[in-house]
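Residues or ranges marked as topological domain 'Extracellular' in Swiss-Prot (evidence: sequence analysis): 1-25, 76-99, 155-196, 259-271. According to Swiss-Prot, the N-linked glycosylation site annotation covers ASN5. For 26-46, 55-75, 100-120, 134-154, 197-217, 238-258, 272-292, the entry in Swiss-Prot reads transmembrane segment. What Swiss-Prot records for 47-54, 121-133, 218-237, 293-314 is topological domain 'Cytoplasmic', and it gives sequence analysis as the kind of evidence. Positions annotated as disulfide bond by Swiss-Prot, on the basis of sequence analysis: CYS97-CYS189.
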Amino acid sequence: MADENYTRITEFIFIGLRYHPNLQVFLFLLFLLFYLVTMTGNLGMIILIRVDSRLHTPMYFFLSHLSFVDICFSSVVAPKMLTDFFADKKAISFLGCVLQQWFFGFFVAIECLLLASMAYDRYVAICNPLLYSVAMSQRLCIQLVIGPYAVGFFNTMTHTTAAFRLPFCGSNIINHFFCDMSPILSLICADIRINKLLVFIVAGAVLIVSSTTIIVSYFHILIAILRIRSAEGRRKAFSTCSSHVTAVSILYGTLFFIYVRPSAISSLDLNKVVSVFYTAVIPMLNPLIYSLRNKEVKSAMGRTVAKAKVFLKN
């Protein structure tokens, strides 16, 4: 429990992004565009998968959940970030900060583990195609989605509760544009070595377990593809995985850089710059990656547009 001699923090103030005043409107419009594309792209992907029966497969079942998580993940940070561009005081209440950090950690963990579930799905599809429909049963698919939500809940409950139960010093200035764990820990008066270790272990465990699942899956996938004799067969096999590999590489590269490297707590300004990429850009890129590089999605979009035109004519 916090010592009574410590100042009770009722709100936090964000330093936010550092930029030239002349860029204020431009950056606001840019991040607003990112958010709108994120919302429309991911919502469109969910609707497309829902209405097109040919996309009712395990792969697109996982993709629809990934799109849902991207919408939620982006909405945890973007609305507050956008309003702060024109706010004289970039403030957030203590409870608001707790909730923002809680949901942020929740959805980040889910996204990582969903990508691992999708990698396993690709492994079964390419390495055991004859058993695919049996192996990837509806029950297993549901379990591979519920699992990430359960782990995400445990992940965020663990380090968020451990951090916010500690006493904060008089300063309430957060060197970030949202309530991320690293700058929050820098404001705590108590010994935070256990908290740092907890973040490193819990966040690291999620990243390492999910990334190991992905690496092992793609190792077997690569071996299976190299055994395919025809160049056309290898090309088709690679094309089914290329979108997922691209999304994984972008997300995991930034997350490992911020949360797993030992100097993550001290490099707050650098973390803030990199955080822009994975909070604003990655949720926007995922639907673009999976639509522009996926023939099935593009075909489904064409069929849906054609049906819509017929419906409007009638």
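Each position is counted from 1, following the chain as shown.
Including glycine, each Cβ sits where the backbone N, Cα and C put it.
Here the transmembrane segment (272-292) has long-range neighbours at 17, 31, 34-35, 37-38, 41-42, 44-45, 63, 66-67, 70-71, 73-74, 77-78, 81, 175-178, 180, 243, 246-247, 250-251, 254-255, 257-258, 298, 301, meaning same-chain residues at least 6 beyond its ends whose C-beta is under 8 angstroms from one of its own.
Per DSSP, the secondary structure of the topological domain 'Extracellular' (155-196) breaks down as 19 helix, 4 strand, 19 coil. The stretch from 26-46, 100-120, 197-217, 238-258 with the most CB pairs below 8 A to the transmembrane segment (134-154) is 100-120. Across the candidate stretches 26-46, 100-120, 197-217, the maximum count of CB pairs under 8 A to the transmembrane segment (238-258) is reached by 100-120. Other Cβ atoms within 10 Å of the Cβ of CYS189 (disulfide bond) number 16 in total over all chains. Within the chain carrying the topological domain 'Cytoplasmic' (293-314), a Cβ under 8 angstroms from the stretch's Cβ atoms is held by residues 45, 48-49, 51-52, 54-55, 239, 242-243, 246, all 6 or more beyond its ends.
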